[in-house]
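**Q** Below, the features straight out of Swiss-Prot:
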- 190, 218, 223, 239, 299: S-adenosyl-L-methionine binding site (BINDING)
- 324: active site, nucleophile (ACT_SITE)
- 358: active site, proton acceptor (ACT_SITE)
């Protein structure tokens, strides 16, 4: 497999191998059979980063082989969205003959949406000035005239220049409703939009008929918060990354949702607040005791939940856990399964043709643990 080719004829086989591996990992927890959610076999990634190689008069995207570190020229990126591939060709054609855009260009990042928007970030090993801005604006206008809904950003050491804005608005149809998600350049977004919709709809199905309020840790830009808000009286969500919190507030307003509250703090800090170990100014205007959270939703980083957070999570009757690392998920389940039973299990093929697996579990408190 190379970035320009994918073994599409082996897609089902690689997915079956992941499903078998997950099944084996979940045997100890008596989990039900996993629901399997397939990715598109090609053109599934909505974002991509490439180094830029200067070869005399030529200029092209490259990646490095993860094993040999050999340089690989990339003219077509089969995992990337059709818009990424179209823009890759447009950018190289435009930049090669233009010294102001080409000089010491080091990297190009692409962020695209299913709704046809794109942010292209040009990263340089030199200062950027007004001449660069004017030249970049000319390229932006030329591409817009050809129908591209595009934004440009220039980055250099301690410098970020954006001509209009530094984000795109993604529009996803989730269980019959269209949701708007601001996605800010250089902040986390779900890379596989199709699988993201599957995850959102699975989470909605898992919380059908839920009671009371929802507590969410690691909410990002409100990806799950906004979709799940329809099933709960109120949603209280935490996130530590400043850009993601700003995007979450934007998304709440854009979708006219009035029952979601975002707090900028880490899961560990929120655990301390819930245990009344520390007081936080950020929670001053929020009456935690007024929330009737019967369900908690967690989508932690690869490291999973720390021990204190696992202990806090166990207090909730229903736990919805999205994991990008089955190993840390299993480590957490070794504790959570003492008080809760896995009612649902899902495998989301977020990264086809790799060993990575995205999983979802719904845990419900055992009657004996009440």
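Cβ from N, Cα, C; glycine included.
Help me understand the surroundings of these features in the structure.
**A** Under a cutoff of 8 A between CB atoms, and with a sequence separation of 6+ in the same chain, the neighbours of residue 190 (S-adenosyl-L-methionine binding site) are 46, 196, 199, 223, 350.
Cβ neighbour count for residue 324 (active site, nucleophile) (all protein chains, 10 Å cutoff from its Cβ): 18.
In three-state terms derived from DSSP, residue 358 (active site, proton acceptor) belongs to an extended strand segment. Around residue 358 (active site, proton acceptor), the C-beta neighbours below 8 angstroms that are at least 6 residues distant in the chain are 195, 199, 322, 323, 324, 347, 348, 349, 350, 351.
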**Q** What same-chain residues, at least 6 away in sequence, bring their CB to under 8 Å of the CB of residue 218 (S-adenosyl-L-methionine binding site)?
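**A** The answer is 238, 239, 267, 298, 299, 300, 301.
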**Q** Taking each of the binding-site residues 239, 299 in turn and counting other Cβ atoms within 10 Å of its Cβ, which one has the fewest?
**A** 299
**Q** When you measure from the Cβ of residue 223 (S-adenosyl-L-methionine binding site), how many other Cβ atoms are you left with inside 10 Å?
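**A** Step by step: centre on the Cβ of residue 223 (S-adenosyl-L-methionine binding site), count other Cβ atoms within 10 Å, giving 28.
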**Q** Around the S-adenosyl-L-methionine site recorded as 190, 218, 223, 239, 299, what other same-chain residues have a C-beta within 8 angstroms of the site's C-beta center?
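**A** So the extra residues in range turn out to be 188, 219, 220, 221, 222, 224, 244, 322.
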